[in-house]
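Chemist: I'd like to ask you about the structure that follows.
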Amino acid sequence: MGDWSFLGNILEEVNEHSTVIGRVWLTVLFIFRILILGTAAEFVWGDEQSDFVCNTQQPGCENVCYDEAFPISHIRLWVLQIIFVSTPSLMYVGHAVHYVRMEEKRKSREAEELGQQAGTNGGPDQGSVKKSSGSKGTKKFRLEGTLLRTYICHIIFKTLFEVGFIVGHYFLYGFRILPLYRCSRWPCPNVVDCFVSRPTEKTIFILFMLSVASVSLFLNVMELGHLGLKGIRSALKRPVEQPLGEIPEKSLHSIAVSSIQKAKGYQLLEEEKIVSHYFPLTEVGMVETSPLPAKPFNQFEEKISTGPLGDLSRGYQETLPSYAQVGAQEVEGEGPPAEEGAEPEVGEKKEEAERLTTEEQEKVAVPEGEKVETPGVDKEGEKEEPQSEKVSKQGLPAEKTPSLCPELTTDDARPLSRLSKASSRARSDDLTV
């Protein structure tokens, strides 16, 4: 058993990096092959050539007949079978150990980088904890990537070796050993009868070893099926990812989104009507349309640079609006509607209204219907028209023109306060009448 200790120590590493079925296969290999082959097979086939007897005295005939009956010893054949079947497992163990060590180095390197980034220096206690956790973590692994492919390949090679040795055993010996073997090879003079020792015991042992080989073969096939179903299940759980070039072309409709949502109990105004914005959906991988060309800078207006505040009139030319007296009929809407195309007439009316207001302010002391010369008359000395005619020209009736108090029309040198009192007395007298 000391000769098998080295192989046993190496195969123990396989047990740490295998599935459940792989561990069962290793158990069958250790107990039912190596152990039985080392303890019982040597005693059964110990006297194999010495007990092979032939009924001839011809020198060399017995050795030639034994070589024809047993080209290779059963024990040596089974040893070769164990070595060949274990070789893929040894190769897988070497790759698994290398993979685990590389993972440990990568994790330790990442931990050091994180420690340097965080600015924390790990002491000896932390390093020992990392080493202990790394040694424990070697037994925990996941069959994925290259490690999974290597594991599947080593199972396939084990299966092929098992099938090859079973077929070779059948062609060499068959599945049983007969007690009588007839030999006619040279230098035997004729057909020679040879006898095999313990044929029944050897047949039972051969059948047992073939059954163990069949169990190992079944475990290999079962493990391949288990890994295949596991891969199919994980592939079905993943979302299907299609490359960009294989996306089918579909006509996508636009999505209409209302810019203003109607509130409950309110009615939208004319300018707040719902406008639908269309956002066309584009396919992945389609060429985007080129953006609109930028407008040249010469289309923009130059801003007028203003200096101090006194120069604001140059940048902003604004005029205050002027107001004219309007009759009651026009205020109430009784006047004739203005035509749409009468824009120049409106400007002339505004100028005349301004001129009338200035004249009325100057003629406060003049009685109604009296003609007074104004500074704005022509050089030829034309007389000013009465106020009633001017008002009629502006579209106002003469009856509705405001009349002034007679006391205020006469020239009076009294101050304004006395004049206002006199006008109020006159108005009260008019009311009493």
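Positions of Cβ are set from backbone N, Cα and C atoms, glycine also.
Pulled these from Swiss-Prot:
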COMPBIAS  127-136  compositional bias 'Low complexity'
COMPBIAS  329-339  compositional bias 'Low complexity'
COMPBIAS  346-392  compositional bias 'Basic and acidic residues'
COMPBIAS  416-425  compositional bias 'Low complexity'
DISULFID  CYS54-CYS194  disulfide bond
DISULFID  CYS61-CYS188  disulfide bond
DISULFID  CYS65-CYS183  disulfide bond
INTRAMEM  2-12  intramembrane segment
REGION    110-137  region 'Disordered'
REGION    329-433  region 'Disordered'
TOPO_DOM  13-21  topological domain 'Cytoplasmic'
TOPO_DOM  43-71  topological domain 'Extracellular'
TOPO_DOM  93-154  topological domain 'Cytoplasmic'
TOPO_DOM  176-203  topological domain 'Extracellular'
TOPO_DOM  225-433  topological domain 'Cytoplasmic'
TRANSMEM  22-42  transmembrane segment
TRANSMEM  72-92  transmembrane segment
TRANSMEM  155-175  transmembrane segment
TRANSMEM  204-224  transmembrane segment
Chemist: Mind checking which residues reach the transmembrane segment (72-92)? Cβ under 8 Å, same chain, six or more beyond either end.
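Modeler: Distant contacts of the transmembrane segment (72-92): 7, 10-11, 14, 17, 26, 29, 33-34, 37, 41-42, 45, 48, 150-151, 153-155, 157-158, 161-162, 165, 168-169, 172-173, 202, 205-206, 209, 213, 216.
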Chemist: Cα distance, CYS54 (disulfide bond) to CYS61 (disulfide bond), nearest Å?
Modeler: 8
Chemist: For the topological domain 'Extracellular' (176-203), jot down how many residues DSSP puts in helix, in strand and in coil.
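Modeler: Split by secondary structure, the topological domain 'Extracellular' (176-203) comes out as 5 helix, 8 strand, 15 coil.
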Chemist: Sequence gap of 6 or more, C-beta under 8 Å: which same-chain residues meet both conditions with respect to CYS54 (disulfide bond)?
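Modeler: Expected: CYS61, GLU62, CYS65, CYS183, VAL192, ASP193, CYS194, PHE195.
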Chemist: State the count of C-beta atoms found within 10 angstroms of the C-beta of CYS65 (disulfide bond), not counting that atom itself.
Modeler: 22
Chemist: Please report, as numbers and ranges, the same-chain residues at least 6 past the borders of the transmembrane segment (155-175) whose CB is under 8 Å from any CB of it.
Modeler: 22, 70-72, 74, 77, 80-81, 84-85, 87-89, 203, 206-207, 210, 213-214, 216-217, 220-221, 223-224, 227
Chemist: What does DSSP say about CYS54 (disulfide bond): helix, strand or coil?
Modeler: strand
Chemist: So if I exclude everything within five residues of the ends of the topological domain 'Extracellular' (176-203), which remaining residues of that chain have a CB under 8 angstroms from its CBs? That is, six or more out.
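Modeler: Result: 44-45, 47-48, 51-56, 58-62, 64-66, 68-69, 74.
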Chemist: Please list, in sequence order, the residues in the chain of CYS188 (disulfide bond) that are at least six apart in sequence and whose C-beta is under 8 Å away from its C-beta.
Modeler: THR56, GLN58, CYS61, VAL64, CYS65
Chemist: I need to check the long-range neighbours of the topological domain 'Extracellular' (43-71): which residues 6 or more away from its ends have a CB within less than 8 Å of a CB in the stretch?
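Modeler: For the topological domain 'Extracellular' (43-71), the far contacts come to 172-173, 181, 183, 185-189, 192-198, 201-202, 205.
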Chemist: Determine the mean pLDDT over the topological domain 'Cytoplasmic' (13-21), rounding to the nearest whole number.
Modeler: 71
Chemist: Determine the Cβ neighbour count for CYS194 (disulfide bond): the number of other Cβ atoms within 10 Å of its Cβ.
Modeler: 21
